[in-house]
């Protein structure tokens, strides 16, 4: 410049840029780890986005009560019925959940007669309740035992 050797870099590059002289000409570049326009401004490169975390489709659970979740699919637990997304329930909770000739026993509808009446007695279920009686020509306490009439 004006026949004097002078460094052409000062004032040629933007903030944070590096200047190298090639054939008496300033060449501006952003340093490693930086990006931008080296003639105006170089700034640090943003970190790479984190690897996406594999989401657990069962957490939080999309399922209702008494269910299990596997890979986002809900199923009722054994002995339970219903819509697994709103909630599963046992076959019965009260005897009124069963047909009139059955009763709810351990969450299942079943015959309430076995073990209820005495020996030789008859058992009929009326509105979920076992009714014991002695057969015709028999007498006694139907809850204990019935014996032939004499």
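Along the chain as shown, residues are numbered 1 onward.
A Cβ is built for glycine as well, from the same backbone N, Cα and C atoms used for every other residue.
Annotated in TrEMBL:
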- 6-43: domain 'EGF-like' (DOMAIN)
- 9-19: disulfide bond (DISULFID)
Open item on the list: Going by DSSP, is residue 19 (disulfide bond) sitting in a helix, a strand, or coil?
Closed with: strand
TODO: By DSSP assignment, list the helix, strand and coil residue numbers for the domain 'EGF-like' (6-43), in that order.
DONE: 0 helix, 18 strand, 20 coil
